[in-house]
Amino acid sequence: MPKVTLTQDPDYKVIFPGESVVFSCHINNSYGWEYIWLKDMNSLPHTDKRLSISPRDSSDQGSYECQAKRGTGHPFYTDKSRTVNIKVEENKPQPLMTQQPDVEKVYIGEPVSFKCEIKDSAGWEYVWFKDGKELPLNTNVLDIPHASLSDSGTYECKGIRNKTKYDSKNSHRRQVLISGIPNPEVKKRMPWSDVFPTENVILSCEMNSSSDWTYTWYKDGQEVHTGLGVSFDSNKATLFISSAAATSRGEYKCTGHLINRSVSTGSSSGFNLEVYENKPQPLMTQQPDVEKVYIGEPVSFKCEIKDSAGWEYVWFKDGKELPLNTNVLDIPHASLSDSGTYECKGIRNKTKYDSKNSHRRQVLISEIPSPKVENITQWLHVFPTESLRLSCEMDGSSDWMFSWHKDGQEVHAGQDVSFDKDATVLSINSASASHRGRYSCSGKHKQRTVSSNVSSGIQLDVYDTKPRVQLSQSPEHTLMHTEDSVTFLCHINISTGWEFLWFKDDRPLTVPGNNLTLSSMSVKNTGLYKCQTRRGTSLIFSSDPSPTIYLTVEERPKAKVILLTGWSQVFSTDSLQLSCRLQNSQERWNYTWYRDGQKLENPPSPTYRVTPQDDPEQSQYSCQGIRNGTLSYSRISDRFWTKNLLLKRRLLLSIAGCIVFGICMICIGSIVLRMCRKKAQEDYKPEEADLFLRMDALKDSDDGPPLLVQYVTESALNSLSKEEGENGTVISESPLPPVQEEPATTTESPEAMQNNNSGLISFKQ
């Protein structure tokens with residue numbers, strides 16, 4: 001009988017919604033078969049060789065088998081195939097992710113691994129995620145052999161079936177924190193670090209999650225073992241020293257070892273245990289910590305021996321023991337009788353071991369001081385818009401804060417009123433009539449419940465208007481001249497403490513005081529002058545500017561010395577007449593004369609005569625104009641030097657006359673000589689026909705030298721040279737230029753030839 005074989009693809013026993021499964025029914029031989037499919041022994045309406053199932057819910061799960069038949073009347077049936085059981089899960093699976101070691105905190109260098117698994121189904125590959133990003137890994141195990149800080153994060157995984165590519169849900173997330181291995185810390189379990197001989201010492205080695213650790217102890221680098229007076233608890237987290245001694249003194253450290261994991265810490269920081277040989281001294285503190293306490297104020301003292309416990313305390317005032325054994329001495333309301341010297345000491349309540357006495361504290365109980373209002377701005381009479389400041393002062397004012405009152409009403413900060421940090425200073429930025437009144441203040445201690453009385457008052461007056469500044473000038477001239485002096489006076493007749501500001505053409509001048517004096521002025525001093533007042537240092541109040549005064553400074557005219565004695569008088573007089581004049585001046589002037597810078601005692605005069613008898617040295621003279629009026633004098637003229645002036649002029653005229661006479665004689669001689677020379681030339685002139693030859697005749701002639709050559713003899717040349725030398729002309733001898741033949745000549749009339757003044761070439765044909 002033929003055998004029927006049932007196969008499944010994919011061969012998953014568990015199927016999830018969305019996956020598909022194909023069953024195939026095979027017969028090894030023959031053909032013509034019809035296939036019968038059974039599910040849970042029930043026939044399915046399907047006759048193909050293959051059966052495809054895409055389950056949607058659990059109704060599709062069950063046992064599947066097949067058989068074959070052929071024929072119609074009496075069909076032949078094969079045996080049934082093997083049964084294939086399929087389970088259909090209605091929900092997507094979620095993988096289980098496990099971690100080894102199963103802890104949230106992993107230390108640097110420690111190995112850690114994750115495993116992803118979907119149970120009760122097969123055919124899965126796995127995808128890993130860290131902080132939502134997929135990792136390049138498809139196995140079910142994620143290994144981190146040596147953890148680092150960058151491995152911290154949130155891990156999860158999911159499965160993907162290798163054949164159907166069906167993916168599962170993501171696993172639950174695991175948060176992993178990679179951290180540095182903590183260092184342990186040695187802590188004292190007793191409230192003191194310094195102990196006395198025979199006292200107990202308890203030290204603990206502490207870490208986060210300390211229950212997972214065991215510890216090793218070291219003192220000064222050597223491991224501490226259980227021994228005489230030394231013991232540990234179960235995991236050695238606590239070290240006990242039952243009776244401290246000098247040998248217990250040293251630096252204690254510890255190290256930790258993680259239970260069941262290969263993690264060890266570094267060494268802790270050291271804890272120095274000091275075992276004293278002497279008694280402790282208590283520390284006495286006072287609250288408030290001041291030497292001066294005010295009447296009615298509470299004051300307390302505290303006695304404490306630090307770094308050890310179990311003490312009772314004894315108190316002393318002025319050397320006498322007080323009936324008190326607590327560590328605090330309270331005085332709720334101090335009085336003058338509480339002034340004195342306080343001290344304390346400690347006694348251990350069990351061993352009656354007593355300490356030294358504390359340091360002494362001197363306390364003085366005194367009256368509360370009264371504040372006083374002071375004026376910072378130096379004046380209590382102010383003007384509208386002026387700023388001012390008042391201060392409230394008392395002993396130790398830095399410890400107090402203040403409140404202000406005007407005419408009995410409290411003053412608050414506002415638009416024009418402000419206070420500094422502790423209201424020590426009241427500032428009025430822009431005074432007005434509303435600020436007029438009597439100001440007082442009171443103090444309240446910053447840190448103590450102490451308040452002072454109200455101070456005595458100080459009266460503040462505010463003027464109704466701003467002050468007026470007047471500017472005056474002396475002398476009162478709007479026009480002045482160089483070298484003049486002028487003084488401006490800036491005047492304000494109300495209040496005090498003013499500083500004066502000067503301006504010229506709206507530019508400030510650096511002049512102190514209320515007087516501006518311009519001495520020996522120049523033209524640059526011309527301008528518009530005004531003044532203004534101000535007072536105060538940090539808070540400055542300025543008045544309105546004064547009316548302006550315009551000052552014009554012109555150049556002072558300069559005198560000039562003019563010589564009146566002319567050239568025509570140099571041979572007829574022995575004196576010089578000098579005149580003094582002022583240029584560009586229409587005023588009437590008198591003149592003063594100076595010789596060598598010294599004023600002459602002569603009456604003022606516009607002229608001055610210099611004679612050899614009066615001034616044999618012939619000095620330098622200058623003059624100056626003087627008159628009545630604002631322009632009372634001129635500038636002194638430049639000096640005029642009269643030394644040998646007449647002699648120099650006479651000499652110059654003599655030389656000039658000689659030169660003119662010589663020039664005239666030369667001109668006359670030249671004219672006479674020229675006339676004589678012309679006459680001599682006319683006497684020796686030969687006939688024209690014998691003197692000049694034609695050019696063609698001159699070529700053909702075999703006779704001796706031409707008549708022109710015979711005419712110009714050596715004696716004639718010497719005579720000509722002599723005549724020219726007398727006229728002052730130097731004649732240099734040079735040969736005559738050769739006569740060149742011209743291709744054509746021009747004929748001139750006899751009159752033209754005569755005009756050529758005895759030329760050397762004939763132009764006749």
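Cβ from N, Cα, C; glycine included.
Per TrEMBL, the features are:
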DOMAIN    2-85  domain 'Ig-like'
DOMAIN    95-179  domain 'Ig-like'
DOMAIN    184-264  domain 'Ig-like'
DOMAIN    282-366  domain 'Ig-like'
DOMAIN    371-455  domain 'Ig-like'
DOMAIN    467-542  domain 'Ig-like'
DOMAIN    557-637  domain 'Ig-like'
REGION    600-621  region 'Disordered'
REGION    720-765  region 'Disordered'
COMPBIAS  741-752  compositional bias 'Low complexity'
COMPBIAS  753-765  compositional bias 'Polar residues'
Please list the DSSP helix, strand and coil residue counts for the domain 'Ig-like' (557-637). 3 helix, 34 strand, 44 coil
When the domain 'Ig-like' (467-542) is classified with DSSP, how many of its residues are helical, how many are strand and how many are coil? 3 helix, 38 strand, 35 coil
Model confidence for the domain 'Ig-like' (184-264), as mean pLDDT, reads 85
Over the span of the domain 'Ig-like' (184-264), count residues by DSSP class, listing helix, strand and coil in order. 6 helix, 39 strand, 36 coil
